[in-house]
Amino acid sequence: MGSKTEMMERDAMATVAPYAPVTYHRRARVDLDDRLPKPYMPRALQAPDREHPYGTPGHKNYGLSVLQQHVSFFDIDDNGIIYPWETYSGLRMLGFNIIGSLIIAAVINLTLSYATLPGWLPSPFFPIYIHNIHKSKHGSDSKTYDNEGRFMPVNLELIFSKYAKTLPDKLSLGELWEMTEGNRDAWDIFGWIAGKIEWGLLYLLARDEEGFLSKEAIRRCFDGSLFEYCAKIYAGISEDKTAYY
């Protein structure tokens, strides 16, 4: 009876299934609770991980959800609405060139605007309403935001336990590609493309000198503090280029 109970307890906590090799190759972390309280609990205001259990030091949330914080950098006039020209300006502040910024801004506002509008009629100006940004969340993503725009710490940690094969806290370009492939939902073509574009842009923005994207850069991208930091670097206000490596 004892051995049967032990077997049931072991199976109940297993993260690898013998006949599902993918569960072996994409490991789940089981050691989060010691440094990150309740890693499974969605965080509305902060983006914590094991190394930063209280989120980004000094980053103000202003009562916004983590997903709202992620996009608020591009709200240049701080009125809760992001127009294409503001997206363009934000991209330029991050160091993207004119042509790239024009294309990226057009794609972002064209694809995200309608879902965030307060009514049914489309707008010719393609605004993105920050208070409705959770409605623009697409499939085939990392699930690090939940459907209400809260941050899921456990899913950030799973990105690295599953896909960081070279270094435990960094992803290579190939590992990023493998992650976006692993995130794909069936027949979700828009989500497949959107995921690769988003992660590709983040890689261009925040990769280190060795071509890796660090966990800290990714975490700070989720709460938007990375954009503020990179804008200061590009403007020459800050010289510390290693804060998120």
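For all residues, glycine too, the Cβ spot is worked out from N, Cα and C.
For the Ca(2+) site, Swiss-Prot records D75, D77, N79, and the single candidate of E51, E86 listed with them is E86. Candidates S101, S225 were compared with Swiss-Prot; the annotation phosphoserine appears at S225. Checking the ranges 118-127, 148-157, 168-177 against Swiss-Prot, the motif 'Proline-knot' annotation falls on 118-127. Residue counts for the motif 'Proline-knot' (118-127) by DSSP state, with H, G and I taken as helix and E and B as strand, are 0 helix, 0 strand, 10 coil. Less than 8 angstroms from the CB of S225 (phosphoserine) sit T56, H59, Q69, each of them six or more residues away in the same chain.
Most Cβ neighbours within 10 Å, among the recorded positions D75, C230: C230 holds that distinction in the structure as shown.
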